[in-house]
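The structure appears below as structure tokens.
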């Protein structure tokens, strides 16, 4: 698969690919697994609280339960084996996005509570860092199209079919993430929580019908499990390439045992991190600042200039160079803002917090 790592290896040499692009791409994928495990646990807890308001189980318990579910999904042999799960994931994504957007619109119309749309923060510095922290979160939410990365399954001619893949990818993003984000912010203002479904419950009482909240959380939990297992594949590939034996058969004991152990270990580590640091927005900001901004906004234009070598007097060269410089600055400030917000939240919450 000709992904970012292989492109970097060809254009900039093995060192850049191994020590810069590779670690960033690995962090993005594994960070998505951590975030997905946390969301799954939050959805399970929401279902539990609605079903048993007097229950005493904490968030980390549900994160652990979801991690056990991920342990089973992680054993699926290859990315190709996930094609049916991916189709179900797409349908579930459309379903829960439609439910979340419809509920947000209903609440926004029926609620008489005043909404505040200003930037939160007690000082100009706090609002500024909050803005860049939000930019990093947006980069994570809307810059993670997987279709452009899946080139091994695309038949020639690659260029035309990759363009169609991009169009499908961003059409789905517009129909799902944008609809939920816009309707959720319109309905709740700056009180909108990282997981918009949390806004559908006020002081333990659902604002919309209870069955609707339960159904939407169920859709989200199942869909996010499919997303997490997709993002787990690069980790699986690295571990199996290290501990597996290409000369032995795929399902021989020599390969199956290391595969089960390494995949299980990677899921366990992700589950522990998600349970220890249940700060969904902060995790997204870290991934966006250190991962998606470089991968989506800086490296593509740099690689374009290196590959096609447009004239330094041309508009394309200077436009690409300007994009790379501007987003490098944005990424640097966003990284500082993300680390700052994580440190602030660390003072407020403790490890394994029940948020």
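Cβ atoms are placed via backbone N, Cα and C, with glycine included.
As annotated in TrEMBL, transmembrane segment covers the listed stretch 59-76 rather than the other ranges in 41-58, 59-76. Proximity of distant same-chain residues to the transmembrane segment (286-304), defined by a Cβ-Cβ separation under 8 Å and at least 6 residues beyond the stretch ends, is recorded for 4, 7-8, 11, 21, 24-25, 27-28, 31-32, 35, 135-141, 143-144, 320-321, 323-324, 327-328, 330-331, 334-335, 337-339, 342.
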